[in-house]
Amino acid sequence: MAKRVAAADQTTAPVEPATTIDPVAETPAAPPSSSSSATTTKSSDDPLDVEHYIPRLPLQLAAIAFALAAPVAAAAATGSRTSTAVPRPAEVLAAWIDSPRETLAFQSALVAVVQVWFGYWARTCRGAGRGRKTKTAREQVQRSRSAARRTAPKGFGAIMNHIWHNDVRRIGTESILRGGEGANRNFGGVDYSFVPETILVTLLATAAFHGSAVLLGAPLIADATVTLLLSLLLALLAVTPLAIAVPPFQSTADGYTWLRLLSTLSPANDLEFALFAPAVGAVIGCWAGAVPIPLDWDRPWQKYPTTCIVGAIAGHAAGSIVSLAIVSYRAAVRAASRALRERKSLAAEEGGQKKKKAPAKGRAKTAAVAAAASKIKNK
């Protein structure tokens, strides 16, 4: 009998952990992870702040218009005319015809200020969307460092070797080139880590546009300075904001983003579309602006590069307006779908509450009937 009892105890003992482990395994619920992943995908797919983008884009276009008119007004104020009023479009056109070098140089400097302001705002939107990912990455780095400290080598030679390979060799390489913790990239709360890459990308785009203009028929030697300034203005309108928001050399993912945009012309989210549509419009407008130059109309505004400048500016404005309309439409669709989901969830909750209340009322009625029947029986 004792052996049978012991055998029974041994057979029943393993059963208890199995019954206790199953509820623990079932406790981690899947919906929180799915909801968290859904929120992260929303923030990563739509980093553009539409509420700030809608009023900011007209302000950008107005600032570009002011940047184009300011040099003409300054030249008119220092010249023969004493009026300081805003110049008419014909006067700006005359400035491009008479002195394109001085006018384009001044206008490019002012347009660069406007585009850097807009691109930095887009960069902050993208950084806010990636905030959660960077937070988790920092936590993982801290955990790995704490684990490395726990397994730190002992002995003077081993400690010095560990310090050399893990700390000293990374000074000036990973921290500075990759923007690590040791890199001083902020001054007064402003991130300026994008400046070197933005200058490099803008200059490369200027050289590419200059070569393309020469291949398409622009003068190689006669108006080389004018072609270079036109290419610089086109690079500032098309490339500079995108280079600030998505630096191509900062990470491999950003480099692949540029490769995708240049090869497939397919923005992945609203922020990329808001930066890419004006760029495409400026390039197409500059190319289309060269069409009236060889025509035999004998007009003064047909002089190179007046029509190309007008086409680039008009194309940039058209692309910006198209992006504003499409982004606003997408935001309205998302808001409407979100409202429909909320209404459906509220209706489902109300239906569940009604179903719960109905059995309770039925139970109360049956209890009342039973009480009445018991009273009748007692009587």
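The first residue you see is number 1, and the count goes up from there.
Glycine is no exception: its Cβ is also placed from the backbone N, Cα and C atoms.
According to TrEMBL, the feature compositional bias 'Low complexity' maps to 23-42.
Within its own chain, the compositional bias 'Basic and acidic residues' (344-353) is flanked in space by no residue lying at least six positions past its ends with a Cβ under 8 Å from the stretch. Taken from TrEMBL, the feature compositional bias 'Basic and acidic residues' applies to 344-353.
According to TrEMBL, the compositional bias 'Basic residues' annotation covers 354-364.
Here TrEMBL flags 1-49 (among others) as region 'Disordered'.
Residues annotated as region 'Disordered' in TrEMBL: 131-151 (among others).
The region 'Disordered' annotation in TrEMBL covers 344-365 (among others).
Sequence-distant contacts of the transmembrane segment (61-79) (same chain, six or more residues past either end, CB-CB distance under 8 Å): 85-87, 91-92, 95, 99, 102-103, 106-107, 110-111, 113-114, 117, 313, 316-317, 320. Per TrEMBL, the feature transmembrane segment maps to 61-79 (among others).
Residues or ranges marked as transmembrane segment in TrEMBL: 104-122 (among others). Sequence-remote contacts of a segment are chain residues at least 6 beyond its ends whose Cβ falls under 8 Å from one of its Cβ atoms, and for the transmembrane segment (104-122) they are 48, 52, 56, 60, 63-64, 66-68, 70-71, 74, 96, 194, 198, 226, 229-230, 232-233, 236-237, 240-245, 271, 274-275, 309.
Residues or ranges marked as transmembrane segment by TrEMBL: 199-222 (among others).
Among the features that TrEMBL reports, transmembrane segment is placed at 228-250 (among others).
Among the features that TrEMBL reports, transmembrane segment is placed at 271-293 (among others).
Feature annotation from TrEMBL assigns transmembrane segment to 313-333 (among others). Away from its own ends, the transmembrane segment (313-333) comes close to residues 48, 50, 53-54, 57, 60-61, 64, 68, 237-238, 270, 273-274, 277-286, 288-289 of its chain (Cβ-Cβ under 8 Å, at least six residues beyond either end).
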Non-local residues, at least 6 beyond the ends, that sit with Cβ under 8 Å of the transmembrane segment (271-293): 46-48, 53, 57, 119, 122, 125-126, 129, 216-217, 230, 234, 237-239, 241-242, 245-246, 257, 261, 265, 302, 304, 307-320, 322-324, 326-327
